[in-house]
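Q: Attaching a single structure in structure tokens format; questions to follow.
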């Protein structure tokens, strides 16, 4: 009898051969990756040998977790100018916290390596580079002209008053309040009304919490993705539980911003509203985008429009919410400065709640306290660049092309070489006659790519502080001292809890 080609023996031999081939291929890939890992690590060690570092794990790098700020401040004191941080065995970045180093990097046009943010905020001002970034920046700058910002002050005051009214109803001096949640809704309310022509108050809308919760989740998820040795691979990340959570949070965020765009487009279908918008000397943020024509005569694409809306929706509310919350905490823990600010505000506003544009320049001491709080608690702990060409610093040390450098704003603001007793709250650092390096204080970053909305944010900070101090004395909760932790914006590991004492 002849031997069949479909016999069990032949089939088993085929299966065995397949698995042997698969095993050898897998072994080759593992060895290839190991060699690639080794060569990359050796190249980094050689290229960055001038930048010191503490010992790190060969695979996990400096796994600092929630000890990051403590370790970083140690590095700032121990390693002048800059140091090396290993994020994994083959991924490193150079941390910069000296003004002279920072000035060099911010004077260049290197791209921001924030691709992990793209699924959420798209390619708006934060992620764009080159000619397109310049076009969008020039297009949006008029949205922050002082003629636009002036009437925003009343809108800001109204939003703050809604928050304070809610606090009065909840007021119980014996039960501290976690304030970031309320401040975040207030700043979202403000940016929605000012930049996106929103009617009503998101602070009174129970559905708004889903957006702020999504932003909170994305803050954590993106931060951990950037620090992970494995999540840099999109396939692995998308298959992970974090990847699934990220997609869901992005969906919620996009539904919110899509709704904002859709609502404004519908309003502009009304001829009266359309003519009203066109007669404005300076358009609001969203209207600029909707009316925009690029240099080639084409309208802004829907993708570009949503990216800019997503970007400003995030940066315009979450960063400012962080800043306001930490300013409140700083004043609560320094009652003598809080009282002096209150006296200054009362001398300008009396016991009323009317704040105008002109009032904002009449609060010099309050402004000094705000600036000092933003130094101690930098709302944006760091910003990064990926070098498009080699860079050499004033002391002769160099970094090659392709390396990520991180301007550690938190470290810069705590550098004892430029800020004596950096942990001490001292508003006099910002008195008019106190000189400092041009790049020693950067709460809104610096250079050509600084925060486009920095004046908007400072105005909101002043309004929030002034109106809050008229109605409440801020007291710390000694049982829950905030623990700052780095995320996309500065957060507290255990929240920011304050006791509120009603003044009137």
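Cβ coordinates are placed from backbone N, Cα and C, and glycine is handled just like the others.
Quick paste from Swiss-Prot:
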| type | residues | note |
| --- | --- | --- |
| BINDING | 315, 451 | heme binding site |
| MOD_RES | 434 | phosphoserine |
Q: Between residue 451 (heme binding site) and the residue listed as 'phosphoserine', how many Å separate their Cα atoms?
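A: Checking the Cα atoms of residue 451 (heme binding site) and the residue listed as 'phosphoserine' gives a distance of 24 Å.
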Q: Do me a favour and check the Cα-Cα span between residue 434 (phosphoserine) and residue 315 (heme binding site); whole Å is fine.
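A: Here the two Cα atoms lie 30 Å apart.
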Q: I'd like the number of other C-beta atoms within 10 A of the C-beta of residue 434 (phosphoserine), please.
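A: A 10 Å sphere around the Cβ of residue 434 (phosphoserine) contains 10 other Cβ atoms.
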Q: List every residue in the same chain as residue 315 (heme binding site), at least 6 positions away in sequence, whose Cβ is under 8 Å from its Cβ.
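A: 126, 451, 453 - these are the non-local Cβ neighbours of residue 315 (heme binding site), listed in sequence order.
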